Every structure is written in structure tokens, then in C-alpha cells.
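Colleague: First, the structure itself, so that you have it in front of you.
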Amino acid sequence: MSEYKDSVEKYLENNPQFAKEYFDKKLRAEALSAAFAGQLDIKDTASFKDVNSVQEAAIIFELVQELQNSGNMEKSLHKVLQRLALILQADRVSYFMCRSRNGVPELATCLFDVTPTSKYETNLVNPQSEIVFPTDMGVVGHTVTSKKPQNVPDVTKNSKFCDFVDKQTGYKTKCLMTFPVVADKDCLGVVMALNKIGADSFSAQDEKVRLFHKYMTFAQVIALQNHTAYMFNVESRRSQVLLWSASKVFEELTDIERQFHKALYTVRTYLVCERYSVGLLDLTKEKEFYDEWPVKLGDVEPYKGPKTPDGREVNFYKIIDYLLEGKEEIKVIPAPPADHWALVSGLPTYVAENGFICNMMNVAADDYFTFQKEPVDETGFVIKNVLSLPIVNKKEEIVGIATFFNRKDGKPFDEYDEQITEALTQFLGWSWLNCDTYDRLNRMEWRKEIAQEMLMCQTKCTPDEMQSILNTKEKFDAEPEDCDQKEMYKLLVPDNVDGENLYSFGFSDFPVTEFGLIKAGIRIFFELGVVEKFKVPAETLTRWMYTVRKGYRAITYHNWRHGFNVGHTMFCLLQTGKLRKYYSDLDAFAMVAAAFCHDIDHRGTNNLYQTNASPLAKLHGSSIMERHHLEYSKTLMGEESLNIFCNLQKRQFETVQHLFDVCIIATDLALYFKKRTMFQNIVNATEPMTDEKEATAYISNNPIRKEIIMYVAELDRLSTVALMVAAEFWEQGDLERNVLDQQPIPMMDRNCAEQLPKMQCGFIDFVCSFVYKEFSRFHKEIQPMFDGLNNNRAHWNELAEVYNAKMKAIEDQKKKLEEEEARKASGDGGKSKTCTIC
């Protein structure tokens, strides 16, 4: 029988084509049906040498089914390795996963010593029992770096081989074969087969056909599916962490601790750890001098502990613990003790000192840090894996340390956990700027309030100064607040102010003292009839007017006298010029008050100089000084004891503020040139109107009527006190020459003082005459102002003609001298220039 069997086998081996056709016809259908009907039953490993192609097809089919189960990568991969060990006749097969911690790539055992009959639970490596080694070690490490399969027939003759794992397990490796599991350009892991059963090494047939072309494809697909799902989870967590932390960070700007807490608590589910702790560091770099006394006196030892990279003592002033295992709990520990469970190991202090990211696995085996091996508290929590990161702000200062404990799946924290937590801590560090900026803004606001209080203390009308006008103590033996308003009104309305007529365009302030001008300004409000109508308290009006006077600086022209003159001109235009009918009583009240304040706190220099030399230009982009005057005026308005509009309704007060904006900003001459043609159009439109009501209604509804009247009030004084204006301009020219190192324009140059009459005539012609002429055409009552302007120009013109005659004489003399010098240079003047005598 055996001879017959041998002859049959010999015939089939010598006739492979016949054998193929015979088995395809007789056995293929039945064998495949049986293979697909049930699972492969492996009983005797020695018989696997005779496994035929039909059984191999059944194995492939089973692995294809396993690809559909993407729930557990290790379990699916375990089946692949079992079949691989069977097909290759390898003593054992292992899978090493490739990962990175602390920026260093490494390999760790995932499925170890898999055989065709071993159980999954036995081969799966517990994260705390992993064998970990860098990728620059051994044949497996070389497979990762080269991303190429390796077949080592004899490990003793291979320089890449390292017996590190053999020493850990006591196993003796003779030959091995490895294959990298690659996704794009990243190596996910390495499959390693050890020690061929029944042979000294793995053959080329094992390497090129059975292992690589068939079964490693399944391992690669399974690993790639798991990697894709994991990366999707990582990116989802990362985006959720950043979105939620951003949302919470901008909800809280007042306190950095609350800001950190809101962000960290909201993203807790995306951090996949059992606990995390945040320690906040003291940002004090230099101690107060009195804190150093104990050290200098020898009572306390100097600090010799760790310091942050910027030189601060590592001092955690508060720790916030987030306990997420079981029932969630949050603990806030101010001034935590050194033996606090999160600090006792020394890891947070080390991170604060060096600024490194520390990712540690199996901390119980670490010798550098002293982690507790027993439970840290009554909950039974044991530290296994730790990830600690610094929280760094935009100034590169370490403001806190975030430490994460025990990944929920039991595995060590990997590079993707590092990236997610680092993104979170970076965002928290940068968000520190929000709270810091908010705190700085608050401090600036507090400083502004203090400065405003100091300003008010210096410029606000004092009780003695108010008594100099109201004199209630002498008259009524009482403070102003205790007196009747009507009686105080009588004190504020003298019959005349230094004998001058306030209703005259020709009013001169020179004979009146500055104190007298304060009383005259108060009188103007009474003449307008707005004090009693709007219930302005007498003491408030007095205090406001006196404070406005003190707000003007003692400079050459833009001083309190100029402020009063503009306010008085506004009053005369309204009352004497009969323009009052175009404005309401509230408009008149606000416009005259704005005229008094229009140049308050003027520095004696124009906007161009402020742009080059003052921080006001950074605060106000255009109309620099005008906006400063406006802000100062509104500051006075915001002080309750100085607010002459305190009894107005809200809407009326908003109207007053708007009128202040319009009137004070309108004094910028740059805006005047843009608006004056608009006023000409108004005059042209109203001139043919015969119905006075129609003209009044038309002008009253025009928005620029308030600006134009302010221009006239301002220009009136500019054209009448030109010497004072010129003196102030020359002072600015001196500043430009000495401080800014610039050559001033002729108008600002005192070396060109003789040209003043000519420049004043040009100013009157180019700036003033147009609007004065239009106003006199518009209202005959304003003709005296235009006449005064013409008389003023005639005077300056006479001086200009004297200057021109003087300059002409100088030019003639100069020309005559030049001619004489030319004659002397040419020799005898009687000789012919074309002929000579030989």
C-alpha cells in the first residue's frame, strides 16, 4: 500500500499540470464549501507543513471577515499574527507599536510572543509592563527608521541586533524577520517573527510570498483603520478643546484664576485622563525691601530653591485639582503644602524650573522623582502615567504648571496627547494677556480718576474763591448751599460790570480785571435768560465759571481773556446781531458755554506742533487741540458740583453735549475752509425770500448754522489782537527752532516780525473778510463787525505800506551798490568797450 502511495505521489509531482486539473475538477468546490462553512480547527502544529492551498484560502477568508471588525485593533491583529505564525512556522510573533513621547520616538511591546494557539489575553501587554526602547536600537528599530522589511538568518552575525529584549524575557533569538506597518510616511509599528520551526532561518519563499504579499497586508489594513479612527478622535478632541477653551476664556476677563478654571473644567471630557492639577505660580520677581530684612538680619536663610528661567522663585500660591474618576470633584487649595499629592513628587517644580514638557509612564519605577506608590488619598487613586506642561504667557513667563494623571484607557500619554494639552496650555498662557490687558486698563482708568481728582483739586473753584463773588457769609451768614436761589441770583446780577456795555461789539476787556471778567461771564448767562429757565444753581454757575477761568493757562494769547472774548462775541451775535431767533434757548445756553470753554487748557502751540511734540496727537487723530478742549470741557461737565446743566432732562443734556462737540470742533480753521462756501449758499438762498418766517425756518433747519457762528466769534478776536497772536506764534517758532530743530515758517519766525502787517492783511483778506461780508449781507445788525474789520485792515495796510516802502528803499540802495561795484570791476568807465587805441 505504501509503495502504491509513493508511486502516486511521484507521478503527481512529475505531472503538476495533470494534478492541478484533477483537483480543480474533483475537490475544489467541496473543499471551499467546507472551509467557508466552519472555522479552522488547529490541533497539531507539526501537521501545518502539509497545509494545502484550500486551507490557506479559508484562513484568508477568515482574515477578510476580521477586517470588518474595527472595534479592537489589538484583538484583530492578534488573529493575524496567529495565522502568520502558523503559515511561517515561526516559534512566536510579536507586534511593536511605534509612538513618541517627550519628542523622542520609541517602540513598545503591544502583542508579545504570539503563537498559533496562544490566547489574546496572555499576549496583550499591560501598559505598566511594556518593554520600551528607542528606535535607534536593534533590528526592530532599524526597521522603523528604514521602513523596509528585514530578514536576519543569524542574529549573531548582524551588527544591528540587540539582545535587550532577550535579557528582559530570557528568550534566545536565533533568526528573525520584521515588517514595518506604514501609513503614508509614518511607521505605525513593526511585526516581528522569531525562530523558524524546523529550519535554521526564514527562507526567501517565506519573506517574499507568504509573509509580505499576503498576510502583512491584513495587518497593515487593520493598523491603518485603527490609526485613522484614532487620528480622527485626536483632531476632534483638539478642535473641541480649542473651541471650548476660547469660548470660556473670552467669557471671563476680570480674573485669571476664574478664566483658567472655566476653560479647564469645560474641556475635561476631551482630555481623557482621570485627574489633572493646575498649579499657579507667583509672578513676583522682586520682593519688597521690607521682605528682605529677615534675610539681611540673619533671621531667615536666603532662598536656595529652584527658580524659573526668568529668575523667579518657584512658589505655587494656589493649586486647583480636578478629580474626574467616579464622582467629579474640584478642589482649590490656596498656599498648598509641599506634601500635596500633586507636588510631592517634585515633577511640577522641575517643569517650572526648566520649562520642559515631561511625559512619564510607569512612574512607580522612576528613580528621579518621588511619586507615591500607594494610593494618594482615600479614593484609592494610584498614579501610573503623568504628563506635565508649563503654562507660558506672551512674555515668555511661566505662569503655571498643568499636570495630567493616568490616561483613561490605561495607556501612556502619547505625542498626540502632548500636542492637545500643549495647545490648551499655550492658549491659556496667551489668554493671560486678556486679563493682564484688562487689569492694565482698569489701572489706567483708576489713575485717570486720581489724576482727574488732582486736577480738580488744583483748578476747581475753592470755597474762598466762590465767596469772593457770592459773598453769602457776609450777606446771609450762611453757606451757598443753605441760601435761597433767588437771593443768590441778585448777588450775581450787578447793575454793570466795570462800566462796560456787554451788548456792544466794541466791548474791550483790557480795562477789566480777570476777576471782573468772571463776573461779566456770569452776567452774560443772566442776560440770555437761561439761568432761571433751566434752574441753574447759583453756586454751581459761579463755581463753573471760576473753574473755567482757572483752566486757561497763563500764555500770551490763548488765555482766559481770549476765552471770555469769544464767549462775549457769541453773546453779541445772538443778542445784538439778532441771530437769537434761529436758535432755541437751550442752543444759546450751550453755545455760549462752549464758546467760553473752546480753548481751555491751550498750550500756546497749534495742531501741527502738537503732532510732532505731544502725546495728544496719539490720542486724537485730527483737530488735536480742539478735541482736547472738548474733552476737558466734558470732564468739567461730568463733575456734579460743576455741571451747570444738572437740571436738564436726559434728552436735553444729550443735545448740549452734541452742541459742545459741534461748536468746539468747529474752531479748527482747517474745517472752516471746507464749510464757508456752504454758508454762502445759505445766504444766497435766503436773500430773495420776502417772508421772514420762511427764511427763519430755512436757516433754523440748516445743520451748519451753529458752526458758522462759532467761526465768526473766533475770527473776530483773531483779527483785533494780532500782536498778541503774533507773539504767541513767535514763541512757538522759538520752540520749533530750539526743541524740534526745525526752521519755522515766516508767520512763526520772530526774525520776520517786520512782515507782520503784510501777513495780517493777508489773513484778513483770505480768512476773515469772506465770512464777515456774508454775515453783514445776511444780517444788517452785524455790519458794525464788518466795518470794524475793514478799519482794522486799513490800519494794518498803512503799516504794511510803510514796511513796503522801507523794503523798496532797501532794495533800491542794494541795487545802486551793485551797479557801483560792477563799474569798479570793469575799469575806467570812459573808455570804449568795443575799440582800443593802438
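We number each residue from 1, going along the chain as drawn.
Just so it is clear, glycine is given a Cβ too, placed from its N, Cα and C backbone atoms.
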Colleague: Select one of His562, His658, His779: the residue that TrEMBL places in the Zn(2+) 1 site alongside His598, Asp599.
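Modeller: Same Zn(2+) 1 site in TrEMBL: His562.
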Colleague: Checking feature assignment: region 'Disordered' per TrEMBL, candidates 139-158, 819-838. Which range matches?
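Modeller: Region 'Disordered', as annotated by TrEMBL, spans 819-838.
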Colleague: By a simple count, how many Cβ atoms lie within 10 Å of the Cβ of His558 (active site, proton donor), its own Cβ left out?
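Modeller: His558 (active site, proton donor) is surrounded by 24 other Cβ atoms within 10 Å.
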Colleague: Counting across all protein chains present, how many other Cβ atoms fall within 10 Å of the Cβ of His562 (Zn(2+) 1 binding site)?
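Modeller: Cβ-Cβ neighbours of His562 (Zn(2+) 1 binding site) within 10 Å number 24.
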Colleague: Pop the Cα-Cα gap between His558 (active site, proton donor) and Asp599 (Zn(2+) 1 binding site) into the table, whole Å please.
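Modeller: For Asp599 (Zn(2+) 1 binding site) versus His558 (active site, proton donor), the Cα atoms are 7 Å apart.
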Colleague: Have a look around Asp599 (Zn(2+) 1 binding site) and count the other CB atoms within 10 A of its CB, chains all included.
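Modeller: By my count, 26.
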Colleague: Would you mind pulling the DSSP three-state label for His562 (Zn(2+) 1 binding site)?
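Modeller: Its secondary structure by DSSP: helix.
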Colleague: How big is the Cα-to-Cα gap, in Å, between His598 (Zn(2+) 1 binding site) and His558 (active site, proton donor)?
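Modeller: Given the Cα positions, His598 (Zn(2+) 1 binding site) is 10 Å from His558 (active site, proton donor).
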Colleague: If you draw a 10 Å sphere on the Cβ of His598 (Zn(2+) 1 binding site), how many other Cβ atoms land inside?
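Modeller: So the number of other Cβ atoms within 10 Å of His598 (Zn(2+) 1 binding site) is 27.
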